[in-house]
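K.L.:
Structure below; questions to follow.
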Amino acid sequence: MAGGNQSMVSEFVLLGLSNSQELQFFFFVIFTIVYVASVLGNIIIILTIASDSHLNSPMYFLLSNLSFIDICQSNFATPKMIADFLVEHKTISFEGCMAQIFLLHSFVGSEMILLVAMAYDRFIAICKPLHYSTIMNRRLCIIFVALSWTVGILHSVSHLAFTVDLPFCGPNEVDSFFCDLPLVIELACMDTYEMEIMTLTNSGLISLSCFLALIISYTIILVTVRSRSSSGSSKALSTLTAHITVVILFFGPCIYFYIWPFSRLSVDKFLSVFYTVCTPLLNPIIYSLRNEDVKSAMRKLKSRYLNSWKY
């Protein structure tokens, strides 16, 4: 039965977060604020790093690329979700649905690899400080960024190559605010068990391998930091806390969805909101609050901007 020509569904109906008009207006206000704060916050991070020569290091180069990915992730589904709060019939075209699946998995896969690269950067900086400038040069950072996008896109294409040709011939209601891959697969007019196993294997492999690599890296780094007692170690611990917080909040929902992708509970929809809408806001919040260098650079950028308006 497989074959793209047999697909008769031209659009999918998104059931959204709630049928209540009052709740939808409330969600519209809240998520508009979160969306604007997320995009502006990450733009400020990028501008701050680009404008301050003191932040011209591999860690902040990788951080600015992480902010760029978060901006992309903020825009793959959130603007449509916000607009859908104002309409009763929420639909998305078949092509639009496939695009959402492709973009989400590209951005998520890229962010996973980039977080591993950031952990490697901290590992070299703390465990091999004398070799840091030699190992973590600009060429290696560019390779890390290019690798993250390559892995993310390949990870996404591997999903989409099978999904786009599934026969969708009847049911078209997706119980979410965006085209979530497991929910879309379940709508196919065929036995999707093998497809579900492939999705679980593909997604689980990249998420669990990256998470384990991060856990091992940060464990080694924390042991190294605790064995030292200096102001430099205190600063390193503060930076590490920000990194580890981002990793836990990013991978927590991610691993949950990848381990139980086809077993849906009522709370899953709100975890999806946190994962796709709120996660991009974590980067500017956590790094601006936990990193003194970024906070200092932001204050300089603010004063420079205010002074330019005076003249």
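Including glycine, each Cβ sits where the backbone N, Cα and C put it.
The transmembrane segment annotation in TrEMBL covers 25-47, 98-120, 140-162, 205-225, 237-259, 271-289. As annotated by TrEMBL, domain 'G-protein coupled receptors family 1 profile' applies to 41-287.
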K.L.:
I'd like to know the mean pLDDT over the domain 'G-protein coupled receptors family 1 profile' (41-287).
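P.N.:
The answer is 85, the mean pLDDT of the model over that range.
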K.L.:
Same-chain Cβ contacts of the transmembrane segment (25-47) under 8 Å, 6 or more residues past its ends?
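P.N.:
Distant Cβ neighbours of the transmembrane segment (25-47) are 17-18, 63-64, 67-68, 70-71, 74-75, 78-79, 81-82, 85-86, 273, 277-278, 280-281, 283-285, 287-288, 294, 298, 301.
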